[in-house]
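According to TrEMBL:
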- 85-108: transmembrane segment (TRANSMEM)
- 163-180: transmembrane segment (TRANSMEM)
- 192-214: transmembrane segment (TRANSMEM)
- 220-240: transmembrane segment (TRANSMEM)
- 260-278: transmembrane segment (TRANSMEM)
- 290-312: transmembrane segment (TRANSMEM)
- 319-336: transmembrane segment (TRANSMEM)
- 342-360: transmembrane segment (TRANSMEM)
Amino acid sequence: MRCNTMIHTRTSSPFFLIQPIRGVNKHLKDADVSAKTLSIANLIKMTSPNSSDKTMKLVSLVTLTVQNAAVALSMRYSRTRNGDMFIASTAVLMAEVVKLIASLYLSIRSEASLPAGIMSVYVHVWKNKVDTLKVSLPAFIYLIQNNLLYVSASNLDAATYQVTYQLKILTTAMFAVLMLGRSLHKLQWVALVLLCIGVALVQLAATTVAVVGSVEQNKLLGVGAAIGACFCSGFAGIYFEKILKGSDVSIWMRNVQLSLASMPLGLLTCLATDWTEIKNKGFFFGYDAYVWYLVVLNATGGLLVAMVVKYADNILKNFATSLAIVLSMLVSIMFLGFSINFQYIVGTVFVIGSIFLYSYQPPKKPTVATIPPDDTGFNSGLKHLKRN
């Protein structure tokens, strides 16, 4: 009788099968959720930047913005002040020399001792020649970019040149997607387009229309050269970012390698463009304390760019430099007698709006979690009950 009763109970109450299996599944599910929660927490911990990196990112971006604005204002003043005019190509070369000295000092300082620092420089620069050549590639690309910009400026009016060259913001984002696998949502692309338009408007507000004499200009060649320069700028910037973030070599050592490649190119530029003036007047003609201040300021900018690329990225660097253009124009309007106009206001609104739009993260759609089939017999038990 007891046996019949048990059989009757089993066949008449499907919960007899479900309850024990539910208990097993509950423990397994709880354990699985706990394991998944722990793994997600570890993933967030590993992938999220620590507080020091966030601080360096913010500090480097803000400092680069201020530095770029200071360079624009200081260079503008250097062209209007009294005294002999220095040779610009020599100042660019000296900025690379100062950047090299500063990078060497910081690189050696980061090691345990002076001999260890010198040995580290020797190993990274001389023994790892292939690595040094890889870092030298952006320097050669920037040389091509500068020549393309010269061709573009010679064949375009200032307004067209300024507008076309802002496409470097989009080419930088494009290479970030292609080379770094970075993903940008639609609003971020819209923000980048707004940034291009905004910077172009701000620079057009300060552009005076120059009367071109008998010089023949090829606008198609000028636009093509400007677009080529934009691609060079985007590729070189993202390539350098990939090198910085793809190895354990410090940013100071990378700057040493980059400066060693840039200095010969800077010297060749001096000799090719200003050799006669340097020969007649001297390399340091027109140098005073203010010019040396400009040299150090430009060298600081090179170090800051490396820090921004290391702790942030090239796209955010473009936002920082664009905001610097707006700030320098604002200071010029307030203190240097520049008049504000509608273009500047609209451009400023576009630049600031693009910053907020780029940083906006749209809410993610909730996803319904699916429980994979278990191997405890629960699913097969339910199928057996349905057949009965």
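Cβ coordinates are placed from backbone N, Cα and C, and glycine is handled just like the others.
Predicted automatically and left uncurated, TrEMBL annotations should be read as such.
Non-local neighbours of the transmembrane segment (163-180) in the same chain are 149, 152, 156, 189, 192-193, 195-197, 199-200, 203-204, 223, 226-227, 229-231, 233-235, 237-239, 241-242, 313-315, 318, 322; each lies 6+ residues outside the stretch with a CB under 8 Å from one of its CB atoms.
Cβ atoms under 8 Å from those of the transmembrane segment (342-360) belong to residues 187-188, 190-192, 194-195, 197-206, 315, 319, 322-323, 325-326, 329-330, 333 of the same chain, restricted to positions at least 6 beyond its ends.
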